[in-house]
Amino acid sequence: MPKIKILVTPYVVKNKPETERNHVVTGVADGWEKTSLNADPNEILTESKGLDTLLTDCNLKPDGVTKIDPSKPIGKEVEIEIYDPDAIPVQTVTVSPDTATGTVGQQLTFTADILPADATYKDVEWSSSDEAKAKSLGNGVFDLKAVGTGIIVSATSIDGGVIGEAELTITAAVVAVTGVTLSPKTKTIAVGEKFTLAATVAPANATNKTVTYTSADPATATVNATTGEVEGKASGTVAITGKTADGNKTDVCNVTVS
């Protein structure tokens with residue numbers, strides 16, 4: 001059943017007649033002292049200022065009441081469960097998507113489908129099996145904070161605690177390449193001489209730093225596409241280009257073969 005929250009107040013409210021108890025408002029307040037109206041020290045029948053409005057919103061009337069223990073700190077929050085015998089209960093909760101993958105720093109949104117469609121209380125509470133990696137922000141929104149697999153996202157109905165689940169995988173955030181710089185920028189070599197280009201990809205923490213090399217004139221100088229090793233073949237000048245796999249960023253080294 002749905003739960004509401006009230007603040008503890010020192011008011012004492014008189015009990016209503018037993019004949020009016022068609023609904024029961026119950027709640028757990030561990031550590032509360034037993035009173036004359038409590039069958040169990042951890043169970044309370046309560047009514048307090050502000051509670052009437054909340055019950056009215058649920059189309060219920062407050063019934064049994066008891067003394068709010070004045071020895072407890074004023075402002076202490078107590079969760080109250082409302083029992084409605086006429087409610088149409090939730091039978092299933094289905095979370096969509098049932099599997100999802102996201103990256104660190106992203107926010108993903110899930111939805112919960114409640115059956116039957118005319119269930120009285122359709123609200124759900126969202127949670128994850130690892131809040132340090134996937135933190136629930138409410139309303140099915142999760143903040144992805146760290147890499148993880150097999151994380152269970154749950155939607156629990158406030159009526160009956162029916163649970164729907166989805167599985168979430170979180171991968172490292174992709175850091176895009178913004179540029180590449182070849183070194184040296186110019187080079188003079190003899191025929192048959194070799195040297196290897198160095199490529200610096202920016203930013204330093206880019207996810208994919210792969211660079212491919214090409215020669216504008218292989219007859220003058222060749223280059224190994226993977227390693228960047230250049231070899232002079234004939235006299236002349238040739239441009240050797242390095243291009244990143246991510247973003248197609250380029251830089252050029254001008255090679256003179258003498």
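Cβ atoms here come from the backbone N, Cα and C positions, even for glycine.
According to Swiss-Prot:
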{"type": "DOMAIN", "residues": "89-149", "note": "domain 'BIG2 1'"}
{"type": "DOMAIN", "residues": "176-253", "note": "domain 'BIG2 2'"}
The domain 'BIG2 1' (89-149) - residue tally per DSSP class, helix then strand then coil: 0 helix, 34 strand, 27 coil
Across the domain 'BIG2 2' (176-253), average pLDDT on the 0 to 100 scale: 97
Helix, strand and coil counts within the domain 'BIG2 2' (176-253) (DSSP): 0 helix, 42 strand, 36 coil
